[in-house]
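See structure below.
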Amino acid sequence: MTPATSLCGAGPQSSVGQRLRVDPGEMQEAVMKDLLEAKKTSNDRADTPAALLLSMLSDLLLGREPNLGDVAMARGLLLRHTDPYQPLNLHRQMQEANLDIEVVNALMHQLGASASPASVPPAQGRHCPEGLEPRESACDRGGGGGGGGGGGSCDRTAACIDADADAVAVTSAGGLQAANLCAELLTMEEDGFNGMLALLMKPSAAVAAAVGFPSRASEGGAGGSGSSSRGGDSDGGLQVYEFRQTVSSPVMEEVERFLAKAEDAWQYDTWKLAEMTQGHALSCLGFYLLHREGLISQFRIQPTKLARLLRTLESGYPSNPYHNSTHAADVLQTLHMLVRGAGLTPHYLDPLGLMAAYFAAIIHDHGHPGLTSDFLISTSDPLAVRYNDRSPLENHHGASFFALMQEPGMNVMGQLTGQERAAFRKQVLDLVMATDMKQHFSLLAHFNTAHHLAAYNKDIGPWALARSAAAKLSRCSRNDTEAAGSGLDVVAGGVAAGEGPCCPGEMPRPLDETERTLSLQIFLKAADLGHLGEELGVHQRWVRSLEEEFFLQGDQEQQLGLPISPLFDRSKQGVSKSQVGFYDFIALPLVHSLASAFPGAKPLLACFVDNYDHWRAAERAAVAAAAAAAQ
């Protein structure tokens, strides 16, 4: 099949055709069977207002009288304009989990939820829902998994917005030198992948003039590139890599070996890749995966033009402690593993769709100012003004990428048909916009409904499903800290044996285009939280980086006389304090549902659970130490 403009192969079309030919009587019987199955798998207590309404409708269709208490509650929810996908009593659930009140407020804040209980009276065994008013998300990413945090000046985001329309400046060089380098570049292109990888690792001003790379003067360090200057991460500052005129063969071989590990490792250290590539993990990994998947040749992409685009995108990531180009590389690698492990090609992702998914990961935080959406909105930042306070960060990430694609020498999609370009753009934007935490509950609830999954039960936990994956890992290693009570092994590398589909006939097929897009959005959301499943030391470094980014924003809030956001006050413990709560209420429900619907994603859940058990053990030890000190 040629690169399809539908991005999803022929599976959904044939499935729809079969449904249209179903006998009406058989269809009614199938609907009733689905209703009974839904009632059987649902919880005694609906976990969201939407689930409550669906349960009532199911009762009516099955000839049952709905619970009058449920009817009264549903009426109250509708009158209050409650978010239908906000879990009922989320605030109370967090309190009952014995989370610190500051952690509870931080999690509610990050999800854009109200921390105050609703005034709707409880009805016949139902918990009272939270009184929510729809509002903008507190941050681009939340809690331990990420979030739009960090310092940097408000003036810098005003300049950052210009990237949506302005081209990246390129350093000029002498004509003779540029001509000689152009000849060198042609030789590199003829040498194939090795030559282009060397080019990506050779960021001299002369090469910038020949190919259009941003010069080193405008680039940052390992954390990400950009013109903005930020405070360092908690490891002692962002590393600035020495400029090298040439890349030696041993270094190239080492980089290639480490890039090859990214193809089948559920745990991967992108910090190390950034060090090895002199701060260019994103462009090197992006080019490597696009090359290995055959997308460069299939879509007739000029390698030097792709390298130019990737390096320019990389330079568009400011040097934030967390939201930097290394984070984007980490998300890209995790998404690649999920696509491969879950067997999403060819039915969920045809070649054009795979390329769109990769680019969505590459640009999902492009131009991130290191500040939360709420901060941008409360300070009337130009990004918030431009996008009318609605997902300003995610809108900016997508817009800046497609504006860049319009610049001369940057459009690697110019040879595609108009329909293919439109399909590529739609999928990239659909996936990037879904990373807004404001949509978290809605997307996850829709996903669970589409795949007939019960809501995640925190009391039961993720261990059974994770252990089924850990038992089948082909290559395993024990984490730095023994998993408390779970006995799970962490994936050091390799796709779990037996987890992914074994033959093309068993590859998962989307129900329809809506479910296909929804599932891909969940996959990118899970990849966006991927560091939660990295080896413990790597994961802890990401947590420290996120904590520092939040502290930098807290410093600004204090200087501006604004209330300091929960866990953003550097005089107190930061997001490391909220890890258990973030896993319990955000990360594990998301990845558990993904692994339930797509068994090939179970190894990622196993990695999450191992670090989750570490934080639970650390929390229990801290409580015990505090109790002992109080005696």
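Note: Cβ is positioned from N, Cα and C throughout, glycine not excepted.
Its own atom aside, the Cβ of H323 (active site, proton donor) has 32 Cβ atoms within 10 angstroms in the protein chains shown. Under the heading active site, proton donor, TrEMBL lists H323.
Q579 (AMP binding site) counts 25 other C-beta atoms within 10 Å of its own C-beta, drawing on all protein chains shown. As annotated by TrEMBL, AMP binding site applies to H323, N324, S325, T326, H327, D365, D528, Q579.
If you look up TrEMBL, you'll see H327, H364, D365, D528 marked as Zn(2+) 1 binding site. When other Cβ atoms within 10 Å of the Cβ of H327 (AMP binding site) are tallied across all protein chains shown, the result is 29.
According to TrEMBL, the feature Zn(2+) 2 binding site maps to D365.
Within the model, the domain 'PDEase' (247-622) carries an average pLDDT of 90. Annotation source TrEMBL lists domain 'PDEase' at 247-622.
Cβ crowding, taken as the number of other Cβ atoms within 10 Å, peaks at D365 among the binding-site residues D365, D528. Checking each of the binding-site residues (D365, D528, Q579) against H323 (active site, proton donor), the C-alpha distance stays within 10 Å for D365.
Over all protein chains present, the Cβ of H364 (Zn(2+) 1 binding site) has 31 other Cβ atoms lying within 10 Å. Among the record's AMP binders, H323, N324, S325, T326, H327, D365, D528, Q579, no two C-alpha atoms are more than 23 Å apart, and one pair sits at exactly that spread.
Around the Cβ of T326 (AMP binding site), the number of neighbouring Cβ atoms within 10 Å comes to 30. Between the CA atoms of S325 (AMP binding site) and H364 (Zn(2+) 1 binding site) there is a gap of 10 Å, rounded to the nearest whole number. Cβ neighbour count for S325 (AMP binding site) (all protein chains, 10 Å cutoff from its Cβ): 34.
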